[in-house]
Ligand code: THU
């Protein structure tokens, strides 16, 4: 199995761990550090809907809270007919911690995939450089 296939397996496995009693819409993620360590993320909902945390942000926050700062790849999976499209909030958080050329693999049902970069997902982004 290639490293990328392992990362995909981790992201798919996350779909079994989501907490989605309200939307029943599971999203999984696997964030990979430059050293090759993986962080799995799931979406975690709340009865106060706006407090929901998306899968990608869960993975990023898990990694950052462990001291990680350098990432090489993010895989996001969902059960959507097309490759899943990450929300705007997650794109902004990706842009905070990942280089614009970092690849992001978007995966939908039946393994349909789309390869993008952080910069393609959020062009002309607002960042710390603007402050
Ligand atoms: N969701 C994610 O986990 N990631 C995204 O990028 C899109 C949306 C979650 C949030 C919520 O639990 C469910 O999908 C429906 O919006």
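Think of each number as a place in line: the chain as shown, counted from 1.
Using N, Cα and C of the backbone, Cβ positions are placed for all residues, glycine too.
Heads up, TrEMBL stuff is auto-annotated, nobody curated it.
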Select one of 30, 54: the residue that TrEMBL places in the Zn(2+) site alongside 87, 90.
54
Based on DSSP, name the secondary structure state of residue 49 (substrate binding site): helix, strand or coil.
helix
CB < 6 Å to ligand 1, subset of binding-site residues 44, 47, 48, 49, 87, seq order -> 87
Please classify the secondary structure at residue 44 (substrate binding site) using three-state DSSP.
strand
Taking Cα atoms as reference points, which of the binding-site residues 44, 47, 48, 49 is nearest to residue 90 (Zn(2+) binding site)?
44
Pop the mean pLDDT for the domain 'CMP/dCMP-type deaminase' (2-129) in here, whole number is fine.
98
